[in-house]
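Chemist: Got a structure for you, written out below as structure tokens; questions coming shortly.
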Amino acid sequence: RSSGALRHFTAESFDHKKFFDMLGLKSKSSDDVKKVFTALDADNSGFIEEEELKFVLKSFSKNARDLTDKETKAFIKAADMDGDGKIGIEGKDELIVMLKKPV
């Protein structure tokens, strides 16, 4: 299901809220969102950095494209609660709130 949805995100069209909505994360529990966070945190640092986020679509389909720098920075900005340029596990709850806001 998710790989078919990925074709909707052509260059410069990625919208993180729509993407997570398509994956059904808005209705998932905090624990489920934490599992997604952990999967995206490729180096297990407790943070999702730009380099990890750039490949978020490939986490769901190996043939998906990389996010552009502009898309990656917008995604980070939306979920970076302390302004350090990355999404920390402590910001997971804020990420959940962000995901549940209407698109």
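Including glycine, each Cβ sits where the backbone N, Cα and C put it.
Copied straight from TrEMBL:
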BINDING   Asp41, Asp43, Ser45, Phe47, Glu52, Asp80, Asp82, Asp84, Lys86  Ca(2+) binding site
DOMAIN    28-63  domain 'EF-hand'
Chemist: Rank the binding-site residues Asp41, Glu52, Asp82 by the number of other Cβ atoms within 10 Å of each Cβ, and give the residue at the low end.
Modeler: Asp82
Chemist: Taking every residue in the domain 'EF-hand' (28-63), what is their average pLDDT?
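Modeler: The answer is 84, the mean pLDDT of the model over that range.
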Chemist: Residues with Cβ closer than 8 Å to the Cβ of Lys86 (Ca(2+) binding site), same chain and 6+ apart in sequence?
Modeler: Phe47, Ile48, Glu49, Glu50, Ile76, Asp80
Chemist: On the DSSP side of things, how many residues of the domain 'EF-hand' (28-63) fall into helix, strand and coil, could you say?
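Modeler: Breakdown, helix to coil: 19 helix, 2 strand, 15 coil.
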Chemist: Please report the number of other Cβ atoms within 10 Å of the Cβ of Ser45 (Ca(2+) binding site).
Modeler: 12
